[in-house]
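The structure appears below as structure tokens.
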Amino acid sequence: MKPWVLGLTGGIGSGKSAVVAEFAKLGVHWVDVDHVARWVVEPGKPALAAIAERFGEGVLTPGGGLDRTVMRELIFQDPAQRKWLEQLLHPLIRQEALAKLALGESAYAIMVSPLLVESGQHRQVDRVLVVDVPEALQVQRAVSRDQTSEAQIRAILSAQASREERLRHADDVLVNDRDLAWLRQEVERLHNFYLTLRGGQE
Ligand SMILES: CC(C)(COP(=O)(O)OP(=O)(O)OC[C@H]1O[C@@H](n2cnc3c(N)ncnc32)[C@H](O)[C@@H]1O)[C@@H](O)C(=O)NCCC(=O)NCCS
Ligand SMILES: Nc1ncnc2c1ncn2[C@@H]1O[C@H](COP(=O)(O)OP(=O)(O)OP(=O)(O)O)[C@@H](O)[C@H]1O
């Protein structure tokens with residue numbers, strides 16, 4: 001049976017992974033499209049061969065995997081290359097993510113996607129939860145998590161929807177500008193609300 005799906009989105013470093021980890025502790029089935037995006041380019045998969053053909057062997061690690069740092073630099077400084085990669089990967093990612101969502105047995109399932117609004121997938125989920133933080137905090141958290149430059153994070157940010165655009169499509173908003181204890185409390189509140197919406201169905 002098709003699950004009732006909550007789309008969980010937010011820009012880079014907004015806290016989507018931290019939020020979904022709390023939902024997971026409450027027993028909610030979830031799929032993160034960033035994880036699916038890694039599986040579809042594993043060594044031996046056709047998508048990885050297509051990427052190497054277009055960009056050259058320089059995008060592969062000595063072990064034959066995708067060199068994600070090289071790829072990050074390539075695609076966030078060239079919108080045409082990013083579009084090419086998205087057109088290759090997004091249909092594969094969507095198909096895999098839907099298959100994995102269907103495997104859960106909780107009252108609802110969560111699809112974590114940084115590009116839910118950008119890809120139009122907000123129209124295919126039952127409800128949209130946006131994790132929202134002020135941009136300065138988002139950049140600060142992403143820089144310290146990824147040990148990367150602020151310029152690199154800002155390049156990624158500019159490839160994503162603006163905060164306002166994302167919030168326009170939100171049914172619910174979790175403002176993640178406080179500590180992790182606050183985040184946990186907010187997740188519990190939202191979870192109880194979603195259970196009520198689902199009429200207590202397990
Ligand atoms: C460029 C890649 C190899 C960089 O890998 P890396 O391990 O450094 O980052 P990771 O995949 O964990 O992504 C980190 C964050 O970058 C942002 N991001 C990734 N891809 C995109 C994109 N196409 N557009 C805008 N932001 C993106 C998201 O906020 C994401 O959460 C990778 O992000 C990728 O394959 N992107 C293309 C696939 C895609 O669009 N994924 C986004 C979800 S469908
Ligand atoms: N409330 C919070 N207090 C302190 N640190 C936080 C909080 N929420 C998230 N963080 C930290 O901020 C960083 C970014 O959070 P997280 O990785 O969950 O973001 P994300 O939205 O999943 O990012 P991406 O789009 O890159 O996958 C992480 O190091 C995380 O531990």
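Placement of Cβ uses the backbone N, Cα and C atoms for every residue, glycine included.
The ATP binding site annotation in TrEMBL covers Gly13, Ser14, Gly15, Lys16, Ser17, Ala18. Sequence-distant contacts of Gly13 (ATP binding site), defined as residues of its own chain at least six apart whose C-beta falls under 8 angstroms from its C-beta, comprise Val133, Gln138, Val139, Arg141, Ala142, Val143, Arg145, Ile153.
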Most Cβ neighbours inside 10 Å, all chains, among the binding-site residues Ser14, Ser17: Ser14
